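A.B. asks: Below is the structure I would like to discuss, written out as structure tokens.
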Amino acid sequence: MIISALLTTVGLNLLFTVLLFALYSILRKQPGNLSIYVPRLLASDGGTQTRAQFNIDNILPSVGWVRAAWQPSEEDLLASSGLDGVVFMRIFVFCLRVFSVAGIIGILVLVPVNYLGDQLSNIDFSDLPNKSVDLFSISNVDDGSNRLWFHFSAAYIITAFVCYLLYNEYKYLSAKRLAHFMASKPMPHHFTILVRGIPVRGGASISNTVERFFMDYYPSTYLSHVVVRQTSKLRHLINDAENAYRRLTHLKSIPRTTQNGVSSASNGRFLGLFRKKDPVITYTKKLEELEENVRLHQSEVNMAGEEIPAAFVCFKSRFGAASCINMPQSDNPTEWVTEPAPEPCDVYWPFFSTSFLQRWISKFIVFVASFFLIIIFLLVAAFIQGLTYLEQLEIWLPFLKNILKIAVVSQVITGYLPSLLLHLLSSQIPPLMKLFSTMQGYIATSEIEKSACGKMLWFTIWSVFFANVLTGSVTSQLQIILDPKDIPAMLAVVVPGQASFFIAYVVTSWTSVSSELTQTMAFLSHLFSCPCSRKESNGKINLPSISYHSEIPRILLFGLLGLTYFILAPIILPFILVYFGIGYIIYRNQLLFVYTPKYDTGGRFWPIVHNTTIFSLVLMHIIVIGIFGLKKLPLASSLILPLPILTLLFNEYCNKRFLPIFRAYSAEALIKKDREGENNPETTDFYEKLVTAYRDPALMPLRRSFTANGRHSPLLS
């Protein structure tokens, strides 16, 4: 029965995936207001499109977009999406290579070996419909059978192959990161550091204290500095001014009838008695008042009393900035604390407006909130797992008993609905994790998303994998976890039992990743906001950016599922391989033609990928040790023991060999790059721009108010 439900799930998702592909190929060819789908292409053409005559080709699906996404080289991808985009696509390349080899071994060797066993021949499958996929799993191999040595050999082969690929990828991306740095133009964050904990003594201002300190200790390399100021109130005023400007622009874009050359809006009366206020005049006055408040508050902020004990300090060389970061600046470790500065566009300015006590309380709140979020999600996962059991569902909802007897309904509910619900719920978690990371006080948007990526990764592994494994089969035996020596045996029992659920989950992900093409939510937002934003944007297209903190954990979860079930239920491998194949084409298209990068960390997401893959391998080893113990093959369990140890030693070597390259650039690279720029005539211009690169945007002049002739006048004089 579960096989039929699984086939129903595969058929539905395959149909949805094909429809989404066809829809995108049609929408991509449409002229007019469908710019949400290919904004990068439209932006490169000046953001305009002419409306063409009707063409039958415009309403027929095609695969031209696939060819357009496939053909560009990695250098084109690097120029379009930065090194982070290259690293993101290398995850797909790595997974395709791993699961191509794993699929060959699993489908051609392990599946036939499993199917030819007769361990489950006496089990009544009408009582355990969710276990029917076990015919193709290791559970069907006889206890003590010599056929288990095929699985033993496969564990060593796939571990060696994955480690080989991990080493090559780490080596390749390390070289790519260094080459990208050496080929880059001078960037402000390479010459700048952030200094916090600035001590102020003798009534001196923070600005004078910073200048005196660095002129004393770094006279040859110090260039300038920018003190961070308290701008939280100013930001609220600017947001209010922006909202008023958007509303005013929208009102001005509405056509208004005229009588004798006079606008009816200005002379309109209510019931012929009372004059109605013109909303354009109302919002114009409101905007002028907000502008004046912003001007006054900016002048107040520029006073020394609004300074925060933090500053961006600029140097004349990259090596000078790096040398200042890598050593303590004071005998008191809480003073003159230095760290690398992010890119100017990457700085998260609201962080500086929070005190140390606020940040400490926020971290505690984040810890408590994360704990309760996991508990709530575990309860939800337990309910979702209950949907895979018809008997349990009939007990919970007895009024559905007759409906559940219909074959198609039961197949959809037990096969498709649970994985769909889990996908929908999981999609709501990344914004919460980003909010939690924002509260922790990171100074850069990239650091916020990296932190959110780590949180989301472990939340996904625990709440999607372990929660479904445990709540689905052994809810009454969770106390076994408290005894570590029983964990391999416990996982060996419960993990194979959830193979059918995770196969359905992977298949449902085909539709999920395909919906990335049509950008359904973004399209709806575009339609609803279009009347208000078309005029105010002055023809400029708002380019979206990819959310690495939500996409990378999702991809790595499927890598974990593939490695975990490679030995246990290799029938899942073709479905995972299809997911990575679809994702590779779709995300290449999105990175090249849809998304634009908000920041570039220089590929620093790859160590997260590497460490998660190592974790997946070790988890596979632990489960295999337990499986061989249950299958009464203790020799195989003993011989597998060195495998996780060797894997962890390999990981330690990679961390020593490659991880420092992703943390900071070497003195050799920095000095070489500085020497290249010594005779560059553009260096002087770069230094002039560097002085103001880290000025708070809230203190910059804004142009939002309208003059009488319709032109923009500066918000700040």
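If you go along the chain as it appears here, the first residue is 1 and each next one adds 1.
Including glycine, each Cβ sits where the backbone N, Cα and C put it.
All annotation found in TrEMBL is predicted automatically rather than curated by experts.
Sharing the features that TrEMBL gives for it:
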- 5-169: domain 'CSC1/OSCA1-like N-terminal transmembrane' (DOMAIN)
- 6-27: transmembrane segment (TRANSMEM)
- 87-111: transmembrane segment (TRANSMEM)
- 148-167: transmembrane segment (TRANSMEM)
- 190-350: domain 'CSC1/OSCA1-like cytosolic' (DOMAIN)
- 280-307: coiled coil (COILED)
- 363-628: domain 'CSC1/OSCA1-like 7TM region' (DOMAIN)
- 364-384: transmembrane segment (TRANSMEM)
- 404-425: transmembrane segment (TRANSMEM)
- 456-475: transmembrane segment (TRANSMEM)
- 487-507: transmembrane segment (TRANSMEM)
- 555-587: transmembrane segment (TRANSMEM)
- 607-630: transmembrane segment (TRANSMEM)
A.B. asks: For the transmembrane segment (87-111), name the stretch out of 148-167, 364-384, 487-507, 555-587, 607-630 with the most CB-CB pairs under 8 Å.
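C.D. replies: Checked against 148-167, 364-384, 487-507, 555-587, 607-630; highest Cβ contact count belongs to 555-587.
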A.B. asks: Any idea what the model's mean pLDDT is for the domain 'CSC1/OSCA1-like cytosolic' (190-350)?
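C.D. replies: Taking every residue in the domain 'CSC1/OSCA1-like cytosolic' (190-350) and averaging pLDDT yields 78.
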A.B. asks: Using a threshold of three or more Cβ pairs below 8 Å, and leaving out pairs closer than 6 in sequence, do the transmembrane segment (607-630) and the transmembrane segment (148-167) count as in contact?
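C.D. replies: Yes, the stretches contact each other.
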A.B. asks: The transmembrane segment (555-587): which same-chain residues, six or more beyond its ends, come within Cβ distance under 8 Å?
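C.D. replies: Distal contacts: 10, 17, 66, 69-70, 88-89, 91-93, 95-96, 98-100, 102-103, 105-107, 110-111, 114, 133-134, 136-139, 151, 154-155, 158, 162, 457, 460-461, 464-465, 495-496, 499, 502-503, 505-507, 509-510, 513-514, 516-517, 546, 608-609, 612-613, 615-617, 619-620, 623-624, 627.
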